[in-house]
Amino acid sequence: MKLKQQEIPLSNGFSFVIITFDMSELIITKEQVKRIAHLCKLQLTEAELEKFSQMFTQTLAVIDVLNELDTSDVPETYQVTGLGNVFQEDVEQKGTLTQEEVLKNAKNKKRGLIVTKGVFDR
Amino acid sequence: MARLNELNLIDALEGLKTGRFTSTELVTACYEQIEQFDPVVKAFVTFTKERALEQAKEADDLIQKEGGKAFEKKPLLGIPYACKDNFSTTGIETTASSNILKGYFPPYESTVTTRVNEAGGIMLGKTNMDAFAHGSSTETSDFFKTLNPWDISRVPGGSSGGSAVAVASDMCIFALGSETAGSIRGPAAWCGVTGMKPTYGRVSRYGVIAMASSTDSPGPLTKTVDDAAYVLEIIAGKDPFDATTSPKSVPEYSGFIKDFDLKGFKIGRPRSYFEIDLEDEVREIVESAVKKYEELGAEIVDMDLLDPKYSIAVYTILQRSEVSSNLARLDGIRYGQNREAFGMEARKRMMLGAYTLSAGYYDAYYSKAQKVRTLIIEDFNEAYKKVDLVIGPTMPSIALKLGESDNSPMFGELMDVLAEPSAIAGLPGISINAGFSRGMPVGVQLIGQQLTEGNVMGVAKVFQQNTDFHLNRPVIKSSE
């Protein structure tokens, strides 16, 4: 993909480097954005699909810099504390919320339960 | 004499202990300041005035009854503070400045605010932020923009922008914020206050509305380093409700930094942090802070750290991925509005995160980022064999003008470039005011190894003992 760097000057002499690209070579197509939006349970307009497709392509182009680094023998770090197997003592937990408290913020409830749409086919 | 709301935390406590003024007077002074200036800078999204005044009265009664002894059990007794709106507060609306959480009244309290409240702290209200902390300017709040009190045509930084502004404008004695990568240090730098981002896991995340769970770190925004140490001592420590909190005991930071000695201290000056696109005056001011440390007896060591550009990429992937997972739980069924209420920024982050986590792309993006994260951590580990701390600019420029971030889909990540490496590695860092460029504050940051908050704050305190930048306060001018 052909990337062009474009400098957008800001006040005080500072500037952003904006990466622009040939629109025919989007890394993430509108179709893909539509699918991701579906996975995220978000509804997008046609204009938004277009915009996100450009934004994501732009962002992924910046991220591409990671490929400059060789990580073939490097393990992943998922958390930085070095802690493992953190257990709690098996004692009665005090301060559990009451049913009333838990339901307080739900809009649609019935007989002490939250009402939702069915998710399984009968 | 300084007005009561202008006092720093240590002085305010002294005044309350000696009976020079009451908590009611202190809280009232803060609200007077808020009522005068918040309509201009808009730091707060929610006020809790009635409750605060009741609590002040209770604090005054307790002080009357027990005298100075009351502060032994309640080290923040009668002290008014401002709280970022992503800390869950029982019965007080908590939105993370997002429309989707509008009308949400948490049934439980975050660990941090629980600790502050049990210590006698009095919450004045909740402060504005980038919605869900997605941003570095507080412009992406779903409600309104917060303005920088030094120049209201500029942003305060973010995401803890409201908290930084509340402190800088003397609307409170201290404030609580949270940082995922730059969200405490950034606004602290742009508003000229002290911002302490602790080691990941030093302060509990329980009840803090999650952004990127593997780097989220709550911390204080204060008027001085001494104040930050005092607050951190109270909020830090193991929490059974957050399994990532460190089991290591919390040092008595205030005592540790009291007579801090710089002699023999090695401060690393990473070339790559000064070679990025910095504003000239920002570079000069930070260099003069480095020189100041040299004069004060520290040894300055020029060193190499990985180019922070890699951290932008790593952070962008990790944060988008974790955001997509964390915001998936907002379904509008148990609480909050439905997903149509998500703002642009949240949508953008969730969707890109869903993409980088999805089958087929996971290895190329998420896994790759976690591997480079390992390299960044190893890079810091090597560095800390040679130096005790790392110094650098907090932000590459002074606060930007409102609206300037609109052009860039990665604005926050680019602005926070100098906070990201340490955030990814879970390191503690502090930003303090090191001077002014065109009337705007410029921050310098100090970054230490994990769980060395004492050293980080000690070295920062020595700077404040020998300079007076941190004592400057903005004169807030309304736009008329």
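All positions are counted from 1 along the displayed chain.
A Cβ is built for glycine as well, from the same backbone N, Cα and C atoms used for every other residue.
As the structure is a computational prediction, the values presented were derived from the model and not from experiment.
Over in TrEMBL, the protein carries these features:
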{"type": "DOMAIN", "residues": "B:25-456", "note": "domain 'Amidase'"}
{"type": "ACT_SITE", "residues": "B:Lys84", "note": "active site, charge relay system"}
{"type": "ACT_SITE", "residues": "B:Ser159", "note": "active site, charge relay system"}
{"type": "ACT_SITE", "residues": "B:Ser183", "note": "active site, acyl-ester intermediate"}
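Shown here: features listed in TrEMBL, placed on the structure.
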residue	record	Cβ within 10 Å
B:Lys84	active site, charge relay system	33
B:Ser159	active site, charge relay system	36
B:Ser183	active site, acyl-ester intermediate	38
Open item on the list: Please report the Cα separation of B:Ser159 (active site, charge relay system) and the residue listed as 'active site, acyl-ester intermediate' in Å, rounded to an integer.
Closed with: 5
